[in-house]
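Novice: Please see the structure below; I have some questions.
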Amino acid sequence: MNQPVMQGVPALNVPDYVKHPRLVAWVGEVAALTKPERIVWCDGSQEEYDRLCAEMVAAGTMKQLNPAKRKNSYLALSDPSDVARVEDRTFICSQKKEDAGPTNNWTAPAEMRQTLNGLFDGSMRGRTLYVVPFSMGPLGSPIAHIGVELSDSPYVAVNMRIMTRMGRAVYDVLGTDGDFVPCVHTVGKPLAAGEKDVPWPCNPTKYIVHFPETREIWSFGSGYGGNALLGKKCFALRIASTMGRDQGWLAEHMLILGVTSPEGKTYHVAAAFPSACGKTNFAMLIPPAGLNGWKVTTIGDDIAWIKPRQDANGKTRLYAINPEAGYFGVAPGTSEKTNFNAMATLKENVIFTNVALTDDGDVWWEGMTDTPPAHLIDWQGQDWTPASAKETGRKAAHPNARFTAPAAQCPSIDPEWDNPAGVPIDAFIFGGRRSTTVPLVTEARDWTEGVYMAATMGSETTAAAAGQQGVVRRDPFAMLPFCGYNMADYFAHWLKVGEKLADSGATLPKIFCVNWFRKDENGKFVWPGFGENMRVLKWMIDRIEGQAQGEEHVFGVSPRYEELSWDGLDFTAEQFAKVISLDADAWKQELALHDELFTKLAHGLPQALPDAKTRLEERLGG
């Protein structure tokens, strides 16, 4: 299946175990366009990982950390211009503009392909093209899908080995004609003969482009995270959400956790929170003192793929997998206090990006310890001391600094996390960061009301001053930056999934809305959060089991004070009233803001949602 050298394109060097002619032809086409110096087919082995890491250390891209402190771990420092996802350079190039909808950037596919062809022509000159085969989800799972990323970044190759099931076994699943999502990535910095490379190559021009109908992803100019690790947001959410729309399943920006009661019964919950709302902390929650015998296990911390199928009793249920195999988490704010399990996961085999380096060869970031070290090398490679930070306000770690760590290292990992069949979902949770208005926890009375809650959820983008509401950014289902098609059609898809389940006689998962972030009149958080969120989770399970009555109000059903377990926590009925109360005037203003969202998404908006809003207004008495 090999091809001769032609037009300056290197030999493809196809390994014997790759038996997929369409894949080989595609690699040849991309190589002819991008003109790399050589092609390497990644096999996912430890030897390959170690070799690529050693090459990056030699190139100055990464530093090996002190093995006595962090075994087999590395620190990469990016270019200061390449530190986060670039939403304004992210495009959904569907055939029709209305299929992308008003919340996505759209360009006509033919026009975009012309632009990309110009950018990618010769873009890998002087570099190695890595062929990175990966499975999103356990190999061979009926819920999983396969992708192949062609990238000129060794940083991408090693991160994809941690974040996905990457390597030779993927070709066994693909066989000779299996489907795969083609992903092409370049840092966009070709090297002339003899030109010295920089430690973190990238290009000021950036494009992250998705073609939903052909299930293709093209990324130019960035070496960072979600822009370059194309299995993550690009495939697992943007492309997969369109696959789910077409095939009747869900690709969601959700953690998945297991909860086991003292009696030994296990439940599974999927929860969607926008960034900076504690998703990873909730996924790795440790129950507090007073809730002995309860256990929380982690299946995933970021993405869930959910497909309906029959269980052993012939009942249709929604089954979920974590399509990833690692955690790509935000480091700042993570500590043994806020997330003990995450810190335990980070002891070895980790790639850190844009955190600070300690004098003894370990890592540090803001929030890791109460007192920072006396001296650090910051994320830009400069000396940093607490005094210089005070003077200049400079952070030691970039606020979006990341860790890439294998999921299997998490102490709270669920024994079923790698089960190809997935786990059955008993409840969905949606939540944002709101200092006022939204109660601690509310259960939707039915699926449509739950979809309404999720469609209108939001988070404050600015710290709210006392008595003043922050600017609320609507982030429907926490999917605003990640939905690969028209958001109004996405709402309709959720309603349809619920209808189909109901028609099959299934018991639908309950839907809850939470808000851990209510503040008092002094601007202080009222609810303690973190492990104490288990008390709310326990009430949800009591509701699933029909053991808690709750109290119905305008917006759904919330717990009575006595229905939550307060053992080990001093939290008064007055404090509880502050986090659970509903202010009618605030809700009238809130519903007016929901109107703004619905006006923006009017094209294709399911009538069920304005109808649900009308019912809420009637209950409010106005």
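One-based numbering along the chain as shown.
Glycine is treated like the rest: Cβ placed from N, Cα and C.
The substrate binding site feature in Swiss-Prot is assigned to Arg85, Tyr224, Gly225, Gly226, Ser275, Asn400, Ala401, Arg402; the stated evidence is sequence analysis. Residues annotated as Mn(2+) binding site in Swiss-Prot, with sequence analysis given as evidence: Lys233, His253, Asp302. If you look up Swiss-Prot, you'll see Ala276, Cys277, Gly278, Lys279, Thr280, Asn281, Arg402, Arg433, Phe530, Gly531, Glu532, Asn533 marked as GTP binding site, on the strength of sequence analysis. For Cys277, the entry in Swiss-Prot reads active site.
Each of these features: where is it, how hidden is it, and who are its neighbours?
Specialist: Gly226 (substrate binding site) carries a helical DSSP state (H, G or I).
Cβ neighbours of Asp302 (Mn(2+) binding site) (same chain, under 8 Å, six or more residues apart in sequence): His253, Met254, Leu255, Lys279, Thr280, Glu324, Tyr327, Phe328.
In this structure, Gly278 (GTP binding site) belongs to neither helix nor strand by DSSP; it is coil. Taking all protein chains in view, 22 other C-beta atoms sit within 10 angstroms of the C-beta of Gly278 (GTP binding site).
Taking a C-beta cut-off of under 8 Å and a sequence gap of six or more, Cys277 (active site) has these contacts in its own chain: Gly431, Gly432, Arg433, Ser459, Trp516, Phe517.
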Novice: Just the number: how many Å between the Cα atoms of Gly225 (substrate binding site) and Lys233 (Mn(2+) binding site)?
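Specialist: That comes out at 9 Å between the alpha carbons.
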Novice: Could you measure the widest C-alpha to C-alpha distance across Arg85, Tyr224, Gly225, Gly226, Ser275, Asn400, Ala401, Arg402, the residues recorded as binding substrate, and give it to a whole number of angstrom?
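Specialist: In whole numbers, the farthest two Cα atoms are 17 Å apart.
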Novice: Let me know the largest Cα to Cα distance in Å among the GTP-binding residues Ala276, Cys277, Gly278, Lys279, Thr280, Asn281, Arg402, Arg433, Phe530, Gly531, Glu532, Asn533, as an integer.
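Specialist: Roughly 26 Å, rounded to the nearest whole number.
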Novice: Please identify which of Ser275, Thr280 has the densest Cβ environment, defined as other Cβ atoms within 10 Å, among these binding-site residues.
Specialist: Thr280
Novice: Of the binding-site residues Lys233, Phe530, Glu532, which sits closest to Gly226 (substrate binding site) by Cα distance?
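Specialist: Its closest listed neighbour, by Cα, is Lys233.
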Novice: Rounded to the nearest Å, what's the C-alpha distance separating Tyr224 (substrate binding site) and Lys233 (Mn(2+) binding site)? Just drop the number here, would you?
Specialist: 12
Novice: Which ones in the same chain are close to Lys233 (Mn(2+) binding site), with CB under 8 Å and 6+ residues apart in sequence?
Specialist: Arg85, Gly226, Pro481, Phe482
Novice: Does anything in the same chain, at least 6 positions from Ala401 (substrate binding site), have a Cβ under 8 Å from its Cβ, and if so what?
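Specialist: Looking at Cβ-Cβ distances below 8 Å from Ala401 (substrate binding site), excluding near sequence neighbours, one finds Val330, Ala331, Pro332, Phe352, Thr353, Asn354, Val355, Trp365, Trp379.
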Novice: Can you check which residues sit near Asn400 (substrate binding site), meaning Cβ under 8 Å from its Cβ, same chain, 6 or more apart in sequence, and list them in order?
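Specialist: Sequence-distant Cβ neighbours: Val83, Ala84, Val330, Asn354.
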